[in-house]
Amino acid sequence: MNQPIEFVGVALGILVTVLGTVGNIATIATITSNRKLLTVSTAFIVNLSVADLLYSAVLQPITVHSYIAGRWEFGPVFCSVFGYVLFLLFGVSELTLCAVALNRYFLIVHPSKYRSIYNKTGTAVMIGVSWLLPALSLVPPAIGVWGRFTFFDKVSTCSFDREVSASFTTALFSAYCIVPTLVMCFTYACILRTVRTSANKFNKKKKGTKKPSLHGRSSRRGSLVVDRSSLREISPSRLGRARTYFSETDPTSNLDSVGDDLNDNRPSASNDRTDPDSSARRIRAQYRVSRNVRLAKMTFAVFVAFSLCFLPYMVLSIVDKANAGGVWLYKLCAMVAWLNACINPIIYSLMNKQLRNGLFVMLGKCMDVLRKTVTGQDF
């Protein structure tokens, strides 16, 4: 190492290795150990975390070693294996994000079709395909039939040989970058339109009924209105059931819809006061809407983070066909891409309360194990 950018790369690489490994293990353990968190959506999150974990724990340390050594020291065969696994994990991440976007799309925009698509078998097939397609499509460069992998010194890692792999990388970029990104943009745009349209209709209907509320005011949460007057006749047990409705549902029956809940012609507030069960149903519907929208926001944030991390390096690779860019520029763009392996657990903890609490508990257990290992004491 003789350049400042390489020292930065080693430090950042070690940080990504530690944070990515711990964060993704904690995410996987949190979801798989808590039956209440096991849903179709979180199954895709686990799949994404597995890909990020493999990169953080296996590939990133090898890249750090190459930064320190300044060359590839593991031979050409392992270089091909490294490049194969690297782009396999990238393809898995991209296809999983696309699957998550489609999951939210059918749940919110076409809820009537959701149950038939996202059952246990359908979800397992989608996850399997997210690994199988990249694995098969990367065989040609791995065996040198169409393109090949070689050590790219500007980023100190094994990647496609830019001189002989141009046509393959173009096809790969189209299949795993352009098409999935267009699909995700379309699905999230449709989700946004559906939520806004349904929320506007719901709010207009609420205003049109001129329902009285406690002290003439209502309690708002986001764009969804819960009239306090409708809560007065609801027993604590019914309200409790409404609040825990989701955490107690079977993972495979988590099929709530935003459009149906917002547009459903439920009884008015005056009827709700004489029919506590209908009030509880209305509150459960609003909880469903709120949770589904929050989860859609979280998955969209993961998609944006993924795009921002990989976009600089992709743009540089496309623009700099002559490979004339400086080493520092290539390394800087590659470092930004590394961050994707450790940033998702942070997004989960910031945007999902259940995952945040579970991650904190799991990280606490990890710290206890680490302290025991270091000190040799039992706590």
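Note that Cβ sites are derived from N, Cα and C of the backbone, with glycine treated the same way.
Features of the protein shown, as given by TrEMBL:
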TRANSMEM  6-25  transmembrane segment
DOMAIN    23-348  domain 'G-protein coupled receptors family 1 profile'
TRANSMEM  37-58  transmembrane segment
TRANSMEM  81-102  transmembrane segment
TRANSMEM  123-146  transmembrane segment
TRANSMEM  166-191  transmembrane segment
REGION    203-227  region 'Disordered'
COMPBIAS  203-220  compositional bias 'Basic residues'
REGION    247-280  region 'Disordered'
COMPBIAS  247-256  compositional bias 'Polar residues'
TRANSMEM  298-316  transmembrane segment
TRANSMEM  328-350  transmembrane segment
Is the transmembrane segment (166-191) in contact with the transmembrane segment (37-58), using three or more Cβ pairs under 8 angstroms as the rule and ignoring pairs under 6 apart in sequence?
no
Need a quick answer: max count of Cβ pairs under 8 Å to the transmembrane segment (328-350), which of 81-102, 123-146, 166-191, 298-316 is it?
298-316
The transmembrane segment (81-102): which same-chain residues, six or more beyond its ends, come within Cβ distance under 8 Å?
41, 44-45, 47-48, 51-52, 54-55, 58-59, 62, 74, 126-127, 129-131, 133-135, 137-138, 141-142, 149-150, 157-160, 172, 176-177, 180, 183-184, 187-188, 299-300, 302-303, 306, 310, 340
